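The next block holds one structure in the form of structure tokens; read it before the comments.
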Amino acid sequence: MAASGVLASDPSPLQDFCVADTASPVLVNGFVCKNPMHVNAEDFFFSGLDKPGNTNNRLGSNVTTVNVNQIPGLNTLGISLARVDYAPFGVNPPHTHPRATEILTVIEGTLLVGFITSNPQNRLIFKVLNAGDVFVFPQGLIHFQFNRGHKKAVAMARLGSQNPGRIEAKDVFGSNPKIDASVLAKAFQVDKKVIDYLHSQFGIDNNN
């Protein structure tokens with residue numbers, strides 16, 4: 001007897017394509033397929049990644065995502081991408097993609113990037129990247145990018161899911177509904193007033 005298995009982030013396609021029918025009320029893992037006879041080139045097209053994102057915010061960064069929500073033709077294909085713009089000393093803060101590995105290519109500027117391994121080691125693996133350099137962030141691990149230069153930076157990220165998801169560290173304090181402050185105060189070993197302040201900063205009405 002022999003057993004074999006295949007692990008993948010997204011379901012594999014069983015036909016040439018399965019363009020997402022975003023108007024369908026049917027709930028599946030992903031999207032149901034649009035009638036292939038109604039599919040056209042626009043279902044596989046996105047324009048605008050040549051345009052810089054607005055980095056005039058507290059983080060000094062902007063992520064322009066191109067996933068199945070922007071290109072319905074990505075449904076079941078297990079891939080998406082993003083353009084990331086960084087102002088001088090801007091940061092794409094620590095976050096995870098629960099459904100995707102990410103491969104990042106620096107187009108312009110210099111970035112300090114890194115990820116943290118899981119318990120018990122919690123190692124920080126990091127490197128300084130310049131234009132043309134590539135770095136991989138394994139699926140589900142906390143990672144970040146920081147523009148350590150005095151000029152803007154640009155990177156392109158490819159992700160191994162049509163809908164990789166994103167969870168930031170601050171989301172612990174910005175959930176809806178909120179996690180009870182007593183729980184977070186105990187977990188982070190801080191005064192409840194600190195949690196109340198963080199709730200006010202990262203609540204759903206103040207998430208930028």
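Just so it is clear, glycine is given a Cβ too, placed from its N, Cα and C backbone atoms.
Automated prediction, rather than curation, is the source of TrEMBL annotations.
Record features, source TrEMBL:
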BINDING   Asn92, His97, Glu102  oxalate binding site
BINDING   His95, His97, Glu102, His143  Mn(2+) binding site
DISULFID  Cys18-Cys33  disulfide bond
DOMAIN    47-196  domain 'Cupin type-1'
Average model confidence [pLDDT] within the domain 'Cupin type-1' (47-196): 96
Candidates Cys18, Cys33, His143 (recorded positions) with Cα within 10 Å of His97 (oxalate binding site): His143
Rounded to the nearest Å - Cα separation of Glu102 (oxalate binding site) and His143 (Mn(2+) binding site): 10
Cβ within 8 Å of the mean position of the Cβ atoms of His95, His97, Glu102, His143: remaining residues of the chain near Mn(2+): Thr96, Ala100, Phe115, Phe137, Leu141, Ile142, Pro164, Arg166
Asn92 (oxalate binding site) CB neighbourhood, other CB atoms within 10 A: 25
Residues within 8 Å of the Asn92, His97, Glu102 Cβ centre (excluding the oxalate site residues themselves): Ala82, His95, Thr96, Ala100, Leu104, Phe137, His143, Ala157, Leu159, Pro164, Arg166
Binding-site residues compared (His95, His97) - highest count of Cβ atoms within 10 Å: His97
